[in-house]
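Quick notes on the structure that follows.
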Amino acid sequence: MSERYSGPLVVEGKLADAERLKQESHYLRGTIAEDLNDGLTGGFNGDNFLLIRFHGMYQQDDRDIRAERAEQKLEPRHAMMLRCRLPGGVMTPQQWLGIDKFAGENTLYGSIRITNRQTFQFHGILKSDLKSAHQLLHELGLDALATANDVNRNVLCTSNPVESELHSQAYEWAKRISEHLLPRTRAYAEIWLDQEKVAATDEEPILGPTYLPRKFKTTVVIPPQNDVDLHANDMNFVAIADNGRLVGFNVLVGGGLSIAHGDKATYPRTASELGYISVDHTLAIAEAVVTTQRDWGNRTNRKNAKTKYTLERVGIDTFRQEVERRAGVTFEPVRPYEFTGRGDRIGWVKGIDKKWHLTLFIENGRILDYPGRPLKTGMAEIAKIHKGDFRLTANQNLIVAGVASRDKASIEALARQYALMDDSVTEQRKNSMACVSLPTCPLAMAEAERFLPQFVTEVEAIMRNHGVGDEHIVLRVTGCPNGCGRALLAEIGLVGKAIGRYNLHLGGNREGTRIPRMYRENITEAEILREIDALVGRWAAERQPDEGFGDFAIRAGIVRPVLDPAVDFYD
């Protein structure tokens with residue numbers, strides 16, 4: 001990383017308007033409750049449009065019919081996307097049945113969307129149904145607090161069903177970190193759960209009265225799997241085990257992928273190592289990292305407000321020293337660890353606890369009854385008989401976890417009956433991913449989720465033609481440069497530029513530790529496929545044994561590696 005660290009600890013200047021909004025929100029209340037009772041519009045007005053994000057929702061509309069409604073002098077068809085807080089992605093079959101029923105009866109699209117942040121989203125909830133959605137989550141033992149905006153978002157944890165004891169310990173820490181960093185305001189309970197207002201003054205001892213400068217993402221990672229893509233996250237705890245038991249964490253900070261087209265002051269960044277800590281220091285270090293970013297993060301320019309820019313401004317050594325001072329903990333040298341991959345192991349695996357775990361490939365994470373593929377009904381049928389739990393993965397798949405040997409056949413029979421298991425799915429498709437994008441995401445510049453399935457079919461044909469049809473390239477599509485599809489950690493990454501046009505990035509690796517460089521800018525699908533055809537042909541003919549596509553692209557000089565993204569990402 002860059003060694004040019006000479007910036008101020010605190011950026012002075014006129015604060016971004018989001019800071020005013022938070023300051024005036026009365027600890028995230030705003031006038032959301034009043035807006036809920038306004039039947040003249042299906043949306044939220046003014047500051048509430050942004051404040052609801054702290055409560056786990058985004059106001060969206062169906063962009064496919066936006067122009068048509070405008071011609072009819074109608075407002076956009078406003079509906080909310082609601083995202084659950086589900087640290088580690090673990091939920092019970094009973095919780096699944098509850099959300100399945102709600103999605104079918106109370107959303108415009110009838111689907112459950114598993115996200116690459118290990119939770120689920122409802123798309124298309126009308127304003128009149130929002131309170132019942134939050135109350136349903138509460139009844140199920142869930143909530144949507146702090147799954148969006150300037151807070152610590154849903155905490156990820158490696159979906160490792162084989163190392164059952166280690167996973168259990170890591171998962172417990174993911175939950176504890178999530179709970180420790182939650183907002184303390186009672187606004188969520190008052191507005192959505194109709195709990196009484198209390199006279200006590202709100203305080204936010206960790207997040208502060210204006211919360212964080214920007215969104216903040218955290219992971220707990222169990223090597224050698226990097227399924228959570230730690231380098232896309234602000235704060236990461238890499239599990240270090242001794243004889244199968246968790247003893248501590250290597251802490252890495254400052255990863256992030258969001259950029260803005262045309263703004264070279266924005267760039268992706270991999271996370272930097274702070275050092276090793278024993279498990280008993282985990283919450284103290286987590287809090288210290290968050291409060292340091294709270295106080296030092298840029299509140300004048302939201303495009304430069306994330307932790308990665310704070311590190312580039314003040315330097316990793318200065319940041320580390322401040323975290324140590326606040327936590328009263330001194331980092332030890334980083335313990336050895338390595339990553340070998342980040343894909344999910346689709347199909348059955350047996351854990352050391354003798355339980356079986358079935359990972360189901362869910363293309364794009366969209367659980368819906370498709371013609372001939374009634375996935376949503378199938379998941380509900382499995383939930384009715386499953387005695388273990390469900391684990392949502394950061395690759396948008398679902399694990400039916402903790403299956404006893406005697407129950408394995410009945411679970412598999414249902415999975416096959418409802419097309420949740422398909423032996424014909426290629427390795428390439430399993431290693432391809434897209435964000436939601438159009439028609440619901442207001443930031444989308446190009447298609448992603450709707451684009452990916454057929455695009456992968458074209459890539460599969462190219463792979464077969466070059467004799468590598470049984471192999472895979474980590475392929476990701478994100479509909480805009482905000483990076484939700486994590487394309488800037490892929491071997492082939494497409495970043496939406498306009499309808500039908502993408503920037504093509506090459507040179508990431510399978511382990512997710514290298515940022516790909518832009519190879520072609522603003523090109524069409526046909527142009528992308530021509531480029532991929534030529535490049536896969538070279539890879540198939542010239543690669544070294546076991547050399548991944550991204551590694552080949554670097555070695556062959558097709559693209560130069562991104563070594564210091566603050567300086568060379570745009571070179």
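Residue positions begin at 1 at the first shown residue.
In case you wondered, yes, glycine gets a Cβ from its N, Cα and C as well.
Among CYS157, CYS435, the residue that Swiss-Prot places alongside CYS441, CYS480, CYS484 at the [4Fe-4S] cluster binding site is CYS435. Taking each Cβ in turn and tallying the other Cβ atoms within 10 Å, the top scorer among the binding-site residues CYS435, CYS441, CYS480, CYS484 is CYS435. For the [4Fe-4S] cluster site, the Cβ centre of CYS435, CYS441, CYS480, CYS484 serves as reference, and the other residues of the chain with Cβ at most 8 Å from it are VAL436, SER437, LEU443, ALA444, ALA448, THR478, GLY479, ASN482, GLY483, GLY485, GLY496.
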